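The next block holds one structure in the form of structure tokens; read it before the comments.
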Amino acid sequence: MPAAETAQRQGFTYALGAFAIWGLILPIYMKLLADVSPLEIVGHRIIWAIPFALLILWWQGLLGGVWRHFTDLRTVALATMTAMLISVNWGTYVYAIVAGHAVEAALGYYINPLVNVVLGALVLGERPNRIQSMAIGLAAIGVAILTVKAGGLPWISLILAVTFGTYGLLRKMVPVGASEGFFLEVAILALPSVLVIAFFLPGEGHFLRNGWETAMLIGAGPLTAIPLILYAAGARLLHYSTIGILQYAVPTLIFLTAVFVFGEPFSVWQLVAFAFIWAALILYTVALFRSTRAERRARQAPVAGMPAEALLAGAAQPPSDQRVR
């Protein structure tokens, strides 16, 4: 199997694993902590993610070299920006789940892939083709219907979309691997998290109040680390617009959980909007498969003046930036 195709399969596996945790497991987990302040939940997510991140680095043989990244001012500056973005995203997500706004969270993650595609086009020059543009238009109509029928500006949705879309773009610029980058982010957020729990939530903390909530707060650490590391690894192997369309799995799972598990209302207009979004997803997926098949045929076709064996050998080499379309 060509190295580029292997990288693509790995990228899909990593990304889908992250999205399954974010869309299905994490909402139910956070709902079980509905009596706990979102600030405390996020604080403990960060604090308890640190030992798990260190364990991953040790297992990968990266623990000894990760500390040098703290001496690189550019890396620290970029990691600080991504850390701030992801902390706001986490807090908004937790609030949406525990406050009964999971459907709005789903809307946010439907908007997020559109933000990714726009950022990919404007910043990275990843221009969508005609079918992809049609898909983006259909999805935009669906999102617009959801936004208008919500009766006001959907702040939860917009914050989730913008923070995570920008996080994904900046994260590609941090010159470290997925595990190292995640450790940098939670390490940067550790002290602010301790201060928030100690000084802004005096007497309100649930940690050590009983065994169940304490265990749940500790478990939020690895549950935070695993999907983010998977997402970062997938983003480095896949084309940015591909990550954008795959992320529709997250809002779909959140939506299904919100309606069928949490019992949140779902109107006829929401059904109409979701129909547009699913139509967009089908179109975009068709375009993606067409592009993949065309690239595979191009790699296998002989070139005038060059033996087919030589062409195939060259096609087996992965792209220089390890991303595939």
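For all residues, glycine too, the Cβ spot is worked out from N, Cα and C.
Copied over from TrEMBL, here are the features:
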- 11-147: domain 'EamA' (DOMAIN)
- 12-30: transmembrane segment (TRANSMEM)
- 42-63: transmembrane segment (TRANSMEM)
- 75-95: transmembrane segment (TRANSMEM)
- 107-124: transmembrane segment (TRANSMEM)
- 131-148: transmembrane segment (TRANSMEM)
- 154-170: transmembrane segment (TRANSMEM)
- 182-202: transmembrane segment (TRANSMEM)
- 214-233: transmembrane segment (TRANSMEM)
- 245-262: transmembrane segment (TRANSMEM)
- 268-289: transmembrane segment (TRANSMEM)
Top stretch by Cβ pairs under 8 Å to the transmembrane segment (214-233) (candidates 42-63, 75-95, 154-170, 268-289) is 42-63
For the transmembrane segment (12-30), the distant same-chain contacts (Cβ-Cβ under 8 Å, at least six residues beyond its ends) come to 41, 93-94, 97-98, 102, 105, 109, 216, 219-220, 223, 226-228, 230-231, 233-235, 237-238, 243, 246-247, 249-254, 257-258, 261-262
Which whole-number mean pLDDT does the model give the domain 'EamA' (11-147)? 87
Secondary structure of the domain 'EamA' (11-147) by DSSP, residue by residue, totals 118 helix, 0 strand, 19 coil
